[in-house]
Every structure is written in structure tokens, then in C-alpha cells.
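J.: So that we are looking at the same thing, I have put the structure below in C-alpha cells.
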Amino acid sequence: MQILFLFNLCSPTFWRIVKKRSIEEFSSIPYIILLLNASFWTYYGIIIPNGLLLITINGFGATVQAIYIFIFLLFAPPNLKVRTGALAGILNVGLLVGTILVTRLALERDAQIKTIGIFCVSITIISFASPLAAMRTVVKTRSVEYMPFFLSFFYFLVALMWAIYAVLVRDIFIGIPNGTGLALGVCQLVIYAVYRNAKPSKSVEDDSIQPSNSPDGALEEGLKHQQLPSSNRSSD
């Protein structure tokens, strides 16, 4: 369910890129981070007992993000193409492969699980900076434009489901990020309820007068502010 939602959320941006044959002002960084997150959680699912659910969901999520990055590289200008390719190579290939090789060659199975689990939790929690930025923007501008209700509600729902799953399988590495995501999801819904009918600040009203060069800017901005952490969001 959540992977289909993520695909539908991102696909309008990339369909626009394909139609215009230009990346315009869109950034590849959110998708590179999502791919890294999904890849680590896929590997975590491989090394733990009964990890089929993690493998299936995150494996599909990683494939989707890899396709998005390929499309981005296909239509990016040469200088940005080089930078994006280098960043994807360092994070999605170098860091991932290096971590897998080191843990498999140097650690016993239990230590591998703990080490990869810590990596997964760390990357996922880092991605929580995006919802925090979105909430800060809402409070500052008194506008929920960049924190759509259904997106916030979906994040809350996904975190809740994976938090329950973590309790059932007694996996602390799944529980920590999803418990954090659940708390942030509640905060987002509360902030949305507080500011949904609030009058935007003057700076926001002034900005709204200016013509927009990107009709889908809100979508991209929403993706930048609110990324799905993998196990619990990007690809859980």
C-alpha cells in the first residue's frame, strides 16, 4: 500500500520531467536518500530471520527509486548529471557495497544484524529532518500549503502499522525509527489541525502574488520537506 502511494506521489514529477525533457528546478537528493534507505532495509531483511516482508517492500521501493534516478540522469544537464551520478555512486553503491562487504567479512551473523540495524535506524532518523523542516515552515508561515493533510496522515498511518509490526516481531531496529515517526506523525497532524484555518503570515501572502515558474513546485517542495523513511516510509 505505502509503496504504491510513494510511486503515485513521485510519478507526476518524473512524468513531467519526461514530457518536458528537462529536470527544471527539481532535486535528485531526496530520491538518492530514499534509494539508500530502501537498499539498507532490504539487506537487513535478508540477514534477519523471517525478513521476507522487509525484502519485498523495500526491494520494490529501491527499484522504483533507481528508476527515478535514472530518469533524472537522463534529462539532467551535463554538469548536474556528473554531480548526481557521483553522489549516487558514493552513497548508493560505494557506501552500501562497502558496508555489506565489511560486515560480512569481519563480523559474525549477530553482529552483522546489529550493525546493519544501526545503519538503518541512523539513515531513517536522519530523514526525519524533513518532517521537522515542514512543521517549522508551517509554524513560521501559518500556512499548511507544504504539509498536505493526506500526506501527513499517510505517514502517521504507515509509522503506526510498522510500529505495531515491530512490537509483534520484537525488533528494536524497526521499532525505534517507526516509533519516532509515529510521534512526529502525531505532531504533524496536531500542527495541521492548529494552522489549517489560520491566516498566512504577510510574507506568505506577498509571495503568493508572485507568478510561479513551476506549477508542480508544491509537490516537489512537499517531497523535499516530507520524505518517507524507508523501513517505515520510503519503502516499508
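Cβ coordinates are placed from backbone N, Cα and C, and glycine is handled just like the others.
Per TrEMBL, the features are:
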COMPBIAS  227-236  compositional bias 'Polar residues'
REGION    201-236  region 'Disordered'
TRANSMEM  29-46  transmembrane segment
TRANSMEM  52-75  transmembrane segment
TRANSMEM  87-107  transmembrane segment
TRANSMEM  113-134  transmembrane segment
TRANSMEM  146-168  transmembrane segment
TRANSMEM  174-195  transmembrane segment
J.: Compare 29-46, 52-75, 146-168 by their Cβ pairs under 8 Å to the transmembrane segment (113-134) and return the stretch that comes out on top.
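T.: Of the candidates 29-46, 52-75, 146-168, 29-46 scores highest.
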J.: For the transmembrane segment (29-46) and the transmembrane segment (146-168), decide whether they are in contact, meaning at least 3 CB pairs lie under 8 A, counting pairs 6 or more apart in sequence.
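T.: Contact absent: fewer than 3 Cβ pairs fall under 8 Å.
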